[in-house]
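Here is what TrEMBL records for this protein:
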DOMAIN    1-484  domain 'Major facilitator superfamily (MFS) profile'
TRANSMEM  50-69  transmembrane segment
TRANSMEM  81-101  transmembrane segment
TRANSMEM  107-130  transmembrane segment
TRANSMEM  142-164  transmembrane segment
TRANSMEM  184-204  transmembrane segment
TRANSMEM  242-261  transmembrane segment
TRANSMEM  281-302  transmembrane segment
TRANSMEM  314-336  transmembrane segment
TRANSMEM  385-411  transmembrane segment
TRANSMEM  431-454  transmembrane segment
TRANSMEM  460-481  transmembrane segment
Amino acid sequence: MRYFHCFSPISAVAEFESRKSPWRSIWLCNTLQFLNGIQFSIFFTSMLPYLRAVVFPLGQTIAAFMFGVWNQKTKSAKHPVAVGVVLMGLGNFIYGTLPVYEFGYKWIMLLARFIVGLGAGNVSVLRTYVACASTPKDKMKALSLGIGMFVFGFSMGPAVMLIFTPLGKDGFRLGWIQVTMYNLPAFAMVIIAVISLLLLFTCFEEEYAGILNGGHKNSNGVSKVALSGSLSSVIVPKFDKVAASICIGVWFVQQCIGTNVEVLMVPMTMAMYNWNSEQAIFYNGIIILVSAGFSSAVYLIMGCTRIGKKDKRLLIGFGIIVFMLHHLLLIPWPFYSGPLDYTPLGCNNLMISSSAAVGNSTDLNLFGGCLRTYEWCSYTTRVPLVVYVFASVILMGTAFPTIGASGGTLFAEVIGPRNQFYDRMIHFQGFMQGVFAFFGSVGRFVGPLFSTYLFENGGYLPPVVVLLGMLASALTAVVIFRRRLVPLRLTPKIGLATPYKNGIFYRL
């Protein structure tokens, strides 16, 4: 290991902390995150539930990592974001033209959503830019508003779909295509994609007020930053990989919880409260809308008040505990009423098969209750409706933003204000933000798979227990490594050995 006698001047850090965030570009990136949220949820009511829950995050999983790497290779956020917007527009255009195809309708629909998911992978680049462009004092506000706008867009997706409901399923014919309530939202998304591209290339300016070094390095690999016309040596220490990994793990767990809710809400409430499929979709839609609105309010509070400036480790721990309370309430405790009611026999005395839960079954549109193929219904109790609503709206609406905003901000601070165009990819802010988004997308991809399997074979208790175990592991990691979950220290203590890319430096 090599040792270099170098200085990290206090004046460089002072100049860095006095910068101003480019709010116009940050707001544009956050607006695009809002549109990404709409893209995710706008067609929830018109797609096969299990397939729709997997195919979009699959595309996002693949693209998030690739966009993060591209962000580093091109040294630009504008072009990866633009390609993502184009892909989302293309996917929506294909979705809008579905009435034209006579065969393979389902697979073309899934291909369209996969392409939209690929485009939505640019969210890693958007969050990278927000993290790198915002100054330390604005970072919590900028990231909280960005994630909050994504959540708000997610909640607005079904509402946007409802705007076109008066058009009906027949609609009108426009040239060679039939325009209906199902495909007109897709064409609206295409128009929004075009507007986004125009704004991106006319209003977006890449300014990185949150990066200390400017990409210049001396022969020893020491970064330089311009100060009053001269270059001063400023060493950016290595970031703590354990702390970064814990932040990624917490984000992964949160995304698994999100998809578990999305996938199981409808079949779970049909089994517990004897709702038919139409009632389950409608009532859960209201619950999701109210919960997302509550979450957006919490994001705003965290981004615009002193609450967001509290110790992020405490906020993350609080969010995990609230999540655990949410899942504890959803356990079918023996003192709840039960057991669950089976669905009545369908037409011609045919029992409703489990495959009906996947497709559009006429029986499920008429009857609610637990499917007769589920043996666990005979001994599973019913979570009281008021408890379910409280847990889904208040607890979930509190936990998601508390962890999302605090975890995302802490991750960016752990990585530090290093130049995103560093020569080793493991030190890239953008690359690491891509890894962060990648594991979040992996959580949204694998979540529906294990949740569906566990639910069909054991009810809603096994998924809840698994997620409780994941939450307990995350909380344990946060508590054990709490001293390492801190922002990167730019000015180490005098005489303290601090590792960096090419060795160790001391501040004298």
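Numbers here mean position along the shown chain, with the first residue as 1.
Cβ coordinates come from backbone N, Cα and C, glycine included.
If you count C-beta pairs under 8 angstroms between the transmembrane segment (184-204) and each of 81-101, 107-130, 242-261, 385-411, 460-481, the highest count goes to 81-101. With Cβ pairs under 8 Å as the measure, the transmembrane segment (242-261) is packed most heavily against 431-454, out of 81-101, 107-130, 385-411, 431-454, 460-481. Highest Cβ contact count with the transmembrane segment (431-454) among the listed stretches 81-101, 107-130, 385-411 falls to 107-130 (criterion: pairs under 8 Å). Across the domain 'Major facilitator superfamily (MFS) profile' (1-484), mean pLDDT in this model comes to 77.
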